[in-house]
Amino acid sequence: MSEEHKKKVMIVESPSKTKTLSKILGKSLKILASKGHVRDLPKTRLGIDIENNFDPTFRILKEKSKLIEDLRKEIKDAKMVYLAPDPDREGEAIAWHLKEVLKLKEGQYKRVYFNEITEKAVKEAMEQPRDLDTKLIEAQKARRILDRIIGYKISPFLWKTIQRGLSAGRVQSVALRMVVEREREIRNFEIKKYYTFQIKCLDDNNKEFTLKLCDKKNNPIKFFDDNEANELYKMLEGKEVAIKSLEVKEKKKGSPFPFITSTLQQEAQKKHGFSLKKTMKLAQALYEGLQIGSEGSIGLITYMRTDSFNVSLEAQENAKELISKLFGENFYKKYSPKKLKGSQEAHESIRPTSVFRLPDEIKQYLSKEYYLLYDLIWKRFMASQMANAVYDALEIKGEVEGYDFFARFLNLKFPGYLVLWEEEKESDENDEVFPTLTEGKLYKIISVDKIEGFLSPPPRYTEASLVKRLEELGIGRPSTYAPTITTLQERNYVKKEGKVLLPTKIGEEVVDMLIKYFPDIVDYEFTAKMESDLDKIFTEEDRVKLLNDFYQPFEMSLNNFEANSSEIFNSLESGKKCPLCGSDMKLRISKFGRFYSCSRYPECKGKLPFEDSSYGNNENNNTDEQNLDNNEVSIEESDVECPVCGSKMVVKRSRFGKFLACSKYPDCKTTLPYGKKAERNCPKCGGQLLRIFSKKGKPYYKCVNKSCNFYCFKLSEIDEDKKAEKSLKN
């Protein structure tokens, strides 16, 4: 094929981008998708040669083998391959993996990088392709290797001592520690009653105003002694307050910064109740493109995984134009971004790709949730480019018998950004008409309020507040927040009740184990420093040095744990007696969870369940015969007969819930979903019918014979079928 007829190919991460990009780039380019990662470390082994400079072995993901074959065919005669995964560290790593598995040589490929999927941004990126960023690739490799070492080396110890299927992680374990420590702080919190005081007086115009009893820093004073509070109350009654000072100041409220990943997640949860996962899913679609009427597929926001507050000059100019048009030139303020330590400054904040695409004008094309998130992003960005709100603040200081009283009143002079973005009021602010007072004058107290309050424990973490805390400590990065918190819930380390996160018993045990034997892994400062050091990696040598520095003390912790593993396991003695022979019972761990087993096993096969509400009690129709060898121990008889041998079946319990097992086990290993025997037999084969509940809690009837596929939702359906059959015969 001649050079001029060779095609050009672009490879992106997500198939949903291809429609928007095809519209922009036309037929001159074939756009393909990798559908995320294509290579990773092997699942069944460490995949890292620790003795050989931590050399990783990457394997093509099994589910991506066919896709890679297809990509190789597509690029076989390509003039140029543009690697265009997402514009972040992870995207750079995916681009490198694609280059490796497709065996692309220098001159055959280029990296293109766009922060928004708009015609201007994409075409500019195509005009200025670049090489792969070795620094980002090495840093991401180090992250992946480090995460694999921690997870692969620690997890087996958790399996031995707590439960199979558990895991540890560089960011995950620290986040779990935060949730556990907060919960323990709440449990140990001593609730104390206190009183605060406020007085009410009449101003020079006979209008009521209120002052609070405060300290020298204008913070309300709390009284914990009932007698002291009662005496103060009596003393204040009927007294006069002397106005010591009246001061009017101009107070400004600065406009907010545009969203980055963490603040978008926090605000979307606060204002709309979105989980982190939902917020990122909606934002991904807004970034990749949605159908907007005759315009076709349009990318509505910039890239949503970012920790940079930067805004392009063009976006600032467009915001200035629109703000001046909608509100007036005095509502615009030149934007100055702040910098976060470790942020990727090449990125931008999250903003609309065009401020002229007003939320209400495209509302008809968006679902409710897409609209709510786009509206939030649009308003926040516009507010970030607007002038500060300006108030007149009247501060009043008074005195009664040596006690100081204070009040602050605000009068909005200029709304600035508040015309678009609503802020929460501070607790000591009063948006009222200023009282008319005279400095030095005495005003009679007309009423005294003794207000009862209680010291409150710190609030439990929500998904959003946990992300905020991780960010404050410098732990994790934009792409890791949502997956980390999702993993904590999937591993059953934490559970979500309403909006708050609660640690499970198993989550607390994991944290205690890690603090004792792997303190660095759950140390806040250590993890934050590691995150910072990872950002500083430039070369392969930097990567190897960082991993060496980490691994030497980590290996000592592993050896210490191994040496003490029997002692650790013995510390899990149950204190329970075998119900069959009276011997001591030991805590055992199987792949299905924990249970108590007689210490005389296998001579005595006595078992007891491990009671722990943190594991959940979801009913499950799992009938794997391996359940019989684990922590199910109930010996409750059922009214169901074994369809294989005719013996009675008994009710057993596994970590999946109740199920039926043949009482002749292990001679007969028949199992059935848990259910009650129905009043009718199967109309198809004459076998027993079981009344079972589906995962959604809906009852239905199923034949116990595995060779019969009969089921129905109501027994009356059997009679109706028989009537229909009879009428057909007649």
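Don't overthink the numbers, they just go from 1 along the chain as shown.
Glycine is no exception: its Cβ is also placed from the backbone N, Cα and C atoms.
The active site, O-(5'-phospho-DNA)-tyrosine intermediate annotation in TrEMBL covers Tyr303. In the structure as shown, the Cβ atom of Tyr303 (active site, O-(5'-phospho-DNA)-tyrosine intermediate) sits within 10 Å of 25 other Cβ atoms.
According to TrEMBL, the domain 'Toprim' annotation covers 7-117. With DSSP states grouped into helix (H, G, I), strand (E, B) and coil, the domain 'Toprim' (7-117) comes out at 41 helix, 25 strand, 45 coil.
Across the residues of the domain 'Topo IA-type catalytic' (133-558), the predicted structure has a mean pLDDT of 92. The domain 'Topo IA-type catalytic' annotation in TrEMBL covers 133-558.
According to TrEMBL, the region 'Interaction with DNA' annotation covers 167-172.
All protein chains shown were included, and the count of other CB atoms within 10 Å of the CB of His37 (site 'Interaction with DNA') stands at 15. The site 'Interaction with DNA' annotation in TrEMBL covers His37 (among others).
Residues near Arg143 (site 'Interaction with DNA') in space but far in sequence (CB under 8 A, at least 6 apart, same chain), listed by position: Arg89, Leu534. Arg143 (site 'Interaction with DNA') carries a helical DSSP state (H, G or I). According to TrEMBL, the site 'Interaction with DNA' annotation covers Arg143 (among others).
Sequence-distant neighbours of Arg144 (site 'Interaction with DNA') (same chain, six or more apart, CB under 8 Å from its CB) are Asp40, Leu41, Pro56, Ala93, listed in sequence order. Residues or ranges marked as site 'Interaction with DNA' by TrEMBL: Arg144 (among others).
Summarising the annotation, TrEMBL assigns site 'Interaction with DNA' to Asp147 (among others). In the shown protein chains, 17 other C-beta atoms lie within 10 A of the C-beta of Asp147 (site 'Interaction with DNA').
The number of other Cβ atoms within 10 Å of the Cβ belonging to Tyr152 (site 'Interaction with DNA'), over all protein chains shown, comes to 16. Taken from TrEMBL, the feature site 'Interaction with DNA' applies to Tyr152 (among others).
Under the heading site 'Interaction with DNA', TrEMBL lists Trp159 (among others). In the three-state DSSP scheme, Trp159 (site 'Interaction with DNA') falls into the helix class. Trp159 (site 'Interaction with DNA') is surrounded by 15 other CB atoms, counting those within 10 A of its CB over all protein chains shown.
Cβ neighbours within 10 Å of Arg305 (site 'Interaction with DNA'), excluding its own Cβ and spanning all shown chains: 25. Secondary structure at Arg305 (site 'Interaction with DNA'), taken from DSSP and collapsed to helix, strand or coil, is coil. The site 'Interaction with DNA' annotation in TrEMBL covers Arg305 (among others).
According to DSSP, Arg491 (site 'Interaction with DNA') is assigned to coil rather than to any helix or strand. Just so you know, the Cβ of Arg491 (site 'Interaction with DNA') picks up 19 other Cβ atoms within 10 Å once every protein chain is counted. TrEMBL lists Arg491 (among others) with the feature site 'Interaction with DNA'.
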Rounded to a whole angstrom, what is the C-alpha distance between Tyr152 (site 'Interaction with DNA') and His37 (site 'Interaction with DNA')?
20
Say you check the Cα of Arg491 (site 'Interaction with DNA') against those of the recorded positions His37, Asp147, Trp159, Tyr303, Arg305; which is nearest?
Trp159
Under the DSSP assignment, what numbers of helix, strand and coil residues are found in the region 'Interaction with DNA' (167-172)?
1 helix, 0 strand, 5 coil
Using C-alpha atoms, which one of the recorded sites His37, Asp147, Trp159 comes nearest to Tyr303 (active site, O-(5'-phospho-DNA)-tyrosine intermediate)?
His37
What is the interatomic distance between the Cα atoms of Arg305 (site 'Interaction with DNA') and His37 (site 'Interaction with DNA'), given in whole Å?
16
